[in-house]
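Novice: What TrEMBL records for 41-290 is domain 'G-protein coupled receptors family 1 profile'. TrEMBL lists 26-50, 62-81, 101-126, 204-225, 237-260, 272-292 with the feature transmembrane segment.
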Amino acid sequence: MEQGNESFTTDFILLGFFSDSQHPRLLISIVLLILGVAIQGNSILALLIWGHACLHTPMYSLLSQVSLMDLMLISTTVPKMTTNFFSGHKFISHIGCGVQIFLYLMLGVAECVLLTLMAFDCYLAICSPLRYPVIMTPRACMQMVTGSWAGGVRISLMHTIYTMHFSTYGSRKIHHFFCEVMALLKLSCEDTSTYEKVVLLSNISFLLIPFGLIVTSYILIYFNVLHMNSPKGKNKALATCSSPLGVVSLYFGPAMIIYMTPRSSLPSEVDQHLFVFDVIITLMFNPLIYSLRNKEVLGALRKVLWRKLMFKQKR
């Protein structure tokens, strides 16, 4: 009995995305479909890049890390959400909640940094092609990847520890489909207003600075492309950068609305819908954008499919 009471007092309750829905089964079916497409798409893209020598370039090395981060990010939130839906139990342990916060923030920050570095890589490839192989060496690429992951771990660890140290009272119901920092702070019995302002300023910094650097990079690329004499060169440059630009728009668009807008001004339903788009739907579109608009990735995929077809015919 004591163990049950202890579990009750330490566990949180995730009310989820489906609590107010009139068609929860339809929504969960759509979420599972998106989960399957996202896992398959990101896994295939990462494996293609790692397995084909023609894709062993700095740009694709960074892209493989983005796919890995997206794969981990959607696996951090959606499986728990679907498990709670089918089991009927909406509990998440105190440790599980902390792990979710840590992974979500770590992957979000790391991907934000990585997308900025990919824009820099694209800028160097088009605007300084002679200096590109000198700057973007395999060692430099590895340092970029390591720095992205390390930065994400450091920032996430600080926020996770500070968020989880606040005491909670009364209701332990989190009005969200995963443990999100601001949703968890609402349950605290302590004054969190100062920390909430710190979180808001931190979010603005980690969104505006990278977004500003990315936009600047693509503006410089655009002006450089305008001065190209070769139509073929223009088309290749635009094709190279259109995919990352599309992903950047999907990633930063909803994120800026979520994290740069005071939560009190957003209804709870709108806030969750934005998170669904940012945390679930965007992660499905990323591999599709990179693969469908990239001739080298499509070429590598055709080779794999052709080899499998030939292997089956021989058998």
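The backbone N, Cα and C atoms fix where each Cβ goes, glycine too.
All TrEMBL annotations are machine predictions without curation.
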Novice: Could you tell me what the rest of the chain brings near the transmembrane segment (237-260), counting residues at least six beyond its ends with Cβ under 8 Å?
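Specialist: Apart from its flanks, the transmembrane segment (237-260) reaches 59, 66, 108, 111-112, 115, 118-119, 122, 125-126, 200, 203-204, 207-208, 210-211, 214, 218, 221, 224-225, 228, 266, 271, 274-275, 277-278, 282, 285-286, 289-290, 293-295.
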Novice: Which range wins on Cβ pairs under 8 Å with the transmembrane segment (101-126): 26-50, 204-225, 272-292?
Specialist: 204-225
Novice: Give me the mean pLDDT over the domain 'G-protein coupled receptors family 1 profile' (41-290), rounded to a whole number.
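Specialist: Mean pLDDT, the domain 'G-protein coupled receptors family 1 profile' (41-290): 86.
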